[in-house]
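The structure under discussion appears below in the form of structure tokens.
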């Protein structure tokens, strides 16, 4: 089934995933980084201090996600979603009213936990659980909420900050959440029952039956997954896009200032990133449905490695090449990673397994901002920093090759 017939047949529930992911952009680093200069100035923070509070909040949110995320396996999807949206709304209000460093830290913690963590976890777990033959398309369609946000939110936020101020911008985000996104998300969720297959218009779009490609039922628990050695090797590799992109985006204002680029040009480059992010997600979603996530795993990090090579250039063209390639690789991550775990470990305990993966991924995004912030304050050259990121991307790609050659089915 192609994308258009699939979306027509499942429009309402796919809108649930799309808009939930879009709201999750509130807590993504690429968006929060737009406020970086204003926040550092308002609270008198240097790069290391600002990175520390952000990374600490991200670390705590990661551990919290591991504790809370598994409840999606046993809770009403509607009730779980409502609590996630309430938490996201509260986070935007805390950010808007922060008057001290500790309130800023609390705002970071809440927006990272609810915005970056739980929204994506809820959306992608639901897409993976309710679809089997078209799982890649479902995940990639929901994942489109992120590149659409990348196209719209940074430029809109930059314009709003310039016109009204950073506090007022967070209040506007809260108003949009209450007036538009919450009603749309709850409508699109409809009456989908808890952990039950939603009705499909076509047999080829039938929900997951918890089968491997060979037809054998599998239901790994999180405890069993933790004991699977190859799971940890795979995780080390698939963390690369989130860790690298988060570190680069968090300090993107510094990269721009040190190389003489305008902030307007930097913000406009997000459009290119958003476009290739969307293309990578759509293309890989179809590829995953055709070949399986495990086979695609060995290829999707190649664009990320090439992107980090482009960072060695001091020219703005090199930056645009980075954004083009990194966007494609990050776009591919959604359907590949989202389909890999149910494909290999089943869907019965998918919420618990995904919460573990998401928590570790969040933790990885806490490390790179503070690590790069320390390097910047210690006046380590930008070229050396970029070479470190390039090395990690290459090692991650090689790990994927090794895993594929070692075992045709991860976890067996």
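Placed from the backbone N, Cα and C atoms, the Cβ positions cover glycine too.
What TrEMBL records for 12-32, 52-70, 82-104, 110-131, 143-164, 170-189, 231-255, 261-287, 299-332, 352-372, 384-404 is transmembrane segment. Annotation comment: TrEMBL describes 13-408 as domain 'Major facilitator superfamily (MFS) profile'.
Ranked by number of Cβ pairs under 8 Å to the transmembrane segment (231-255), the listed stretches 12-32, 82-104, 110-131, 170-189, 261-287 are led by 12-32. If you look at the transmembrane segment (110-131) against the transmembrane segment (170-189), you find fewer than three C-beta pairs under 8 angstroms, all six or more positions apart, and that falls short of contact. In the predicted model, the domain 'Major facilitator superfamily (MFS) profile' (13-408) shows an average pLDDT of 84. Note on the transmembrane segment (352-372): residues 29, 48, 51-52, 54-59, 61-63, 65-66, 68-70, 72-73, 112, 116-117, 120-121, 124-125, 128, 220-222, 225-226, 235, 238-239, 242-244, 246-248, 250-251, 337, 341, 345, 385 of its chain, located 6 or more positions outside it, place their CB under 8 angstroms from a CB of the stretch. Listed stretches 12-32, 82-104, 299-332 were compared with the transmembrane segment (143-164); the greatest number of C-beta pairs under 8 angstroms is found for 12-32. Two recorded stretches are said to be in contact when at least 3 C-beta pairs lie under 8 angstroms, sequence spacing 6 or more; the transmembrane segment (170-189) and the transmembrane segment (261-287) fall short of this definition. Here the transmembrane segment (384-404) has Cβ contacts under 8 Å with residues 230, 233-234, 236-240, 243-244, 247-248, 294-295, 297-302, 304-305, 307-309, 311-312, 372, 375-376, 410 of the same chain, all six or more residues outside its ends.
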